[in-house]
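Under the heading UDP-N-acetyl-alpha-D-glucosamine binding site, Swiss-Prot lists 8-11, 22, 72, 77-78, 139, 154, 227, 332, 350, 365, 376. Residues or ranges marked as region 'Linker' by Swiss-Prot on the basis of sequence analysis: 230-250. Annotation source Swiss-Prot lists region 'N-acetyltransferase' at 251-451. Feature annotation from Swiss-Prot assigns active site, proton acceptor to 362.
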């Protein structure tokens, strides 16, 4: 059976009080609508249509070709929004999932179960529900005395007894696609808001003797719709708890989960320890037995086994096995550290390959460079890679010793097994097995200050 999905992402989100459109606000480092789309895809949907309106181009830029798009010029309610997908789906067979783009906590497992329940019961519509102590703001699930679904009533249209009901509609539905688009033509806007409500499709199906089901999720957090900054922070907290719990259940020690922020695409090996205040995002892979010290930040990087990261920032880089970074080091994009490499305190590395066993222990800048195996870069040494217009490369061979406070003026090559005296400014290539000195000779004038 064909499976389709419609993601509702046309709203501006005025309660956010933001220049950014609502569904593009991030949770765990990713726009809410992207979380939704990823989970819809994993649920086994063949085709996705995203309804866009406010911020249409920004939403399309975010989701790219992972979705088809339909434009809703005026936001006249959820049924009106779904109707906009007519051009792509009206003649299709199968099941259509409708999900809101501001529900970043929904999981693909729940969506999958909803679809399977809908199809196995041969229903025309199935609504995803949940129960909560505080149902304010949500549509209520109205059942008859036999527990059979009768209708969904919106908060603003509910009477006092209906508002007391704790089971609420998530706003997520599975429909028989043909029935959905047939009934959308019959929906009217005679309600308190003057809008076309998607739950009215359910009422029309029931009125004509169709079959409607409810699938209830036990985790209310999954269906949280984010409408303001407070709810955004609640969604962030809930998703971080879920992510951190997953990693801890799979062998990772997180000393203080409440202050640790890990993205959804991060992979972490067993027996890795993460101290408080750490942020790990993007497509980062951390292997086994890694120690990540407090307040470190790692993005889109690979950290190999037994590495030790202390209070450092790492972006788009690779750290080899048994390497040590920090404290207070920065690896900028393109940094590649081999095994047993040490990058110490207040060292900045950018677009550089530092080979196995090399050391850059303190107060240095290594940019656009290649540092050979077991080479030692002394304190305060820098690669001078920029002339104001272009970047140039520095190559240092293996087993070299670069004295403290050395300036390597690129482009320059330092051979294997060389020694550069402290305080030198190197402008020419150095052959291997050489000693290089490039500094003024010291002159002492005794008694000068007694004059």
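Backbone N, Cα and C atoms are what each Cβ position is placed from, and that goes for glycine too.
Features recorded in Swiss-Prot, as mapped to the structure shown.
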residue: 8; record: UDP-N-acetyl-alpha-D-glucosamine binding site; contacts (Cβ under 8 Å, 6+ apart): 51, 78, 81, 82, 98, 99, 100, 101
residue: 10; record: UDP-N-acetyl-alpha-D-glucosamine binding site; contacts (Cβ under 8 Å, 6+ apart): 51, 52, 53, 54, 56, 71, 72, 75, 81, 84
residue: 22; record: UDP-N-acetyl-alpha-D-glucosamine binding site; contacts (Cβ under 8 Å, 6+ apart): 11, 12, 13, 16, 32, 101, 102, 226, 227
residue: 77; record: UDP-N-acetyl-alpha-D-glucosamine binding site; contacts (Cβ under 8 Å, 6+ apart): 189, 193, 195, 196, 197, 198
residue: 139; record: UDP-N-acetyl-alpha-D-glucosamine binding site; contacts (Cβ under 8 Å, 6+ apart): 152, 153, 154, 155, 168, 169, 171, 199
residue: 350; record: UDP-N-acetyl-alpha-D-glucosamine binding site; contacts (Cβ under 8 Å, 6+ apart): 332, 333, 334, 335, 365, 366, 367, 368
residue: 362; record: active site, proton acceptor; contacts (Cβ under 8 Å, 6+ apart): 344, 345, 346, 347, 379, 380
residue: 376; record: UDP-N-acetyl-alpha-D-glucosamine binding site; contacts (Cβ under 8 Å, 6+ apart): 358, 359, 361, 400, 401, 402
* To do: Please spell out the DSSP helix, strand and coil residue counts for the region 'Linker' (230-250).
  => 20 helix, 0 strand, 1 coil
* residue 227 (UDP-N-acetyl-alpha-D-glucosamine binding site) CB neighbourhood, other CB atoms within 10 A -> 16
* To do: According to DSSP, folded down to helix, strand and coil, what is residue 22 (UDP-N-acetyl-alpha-D-glucosamine binding site)?
  => helix
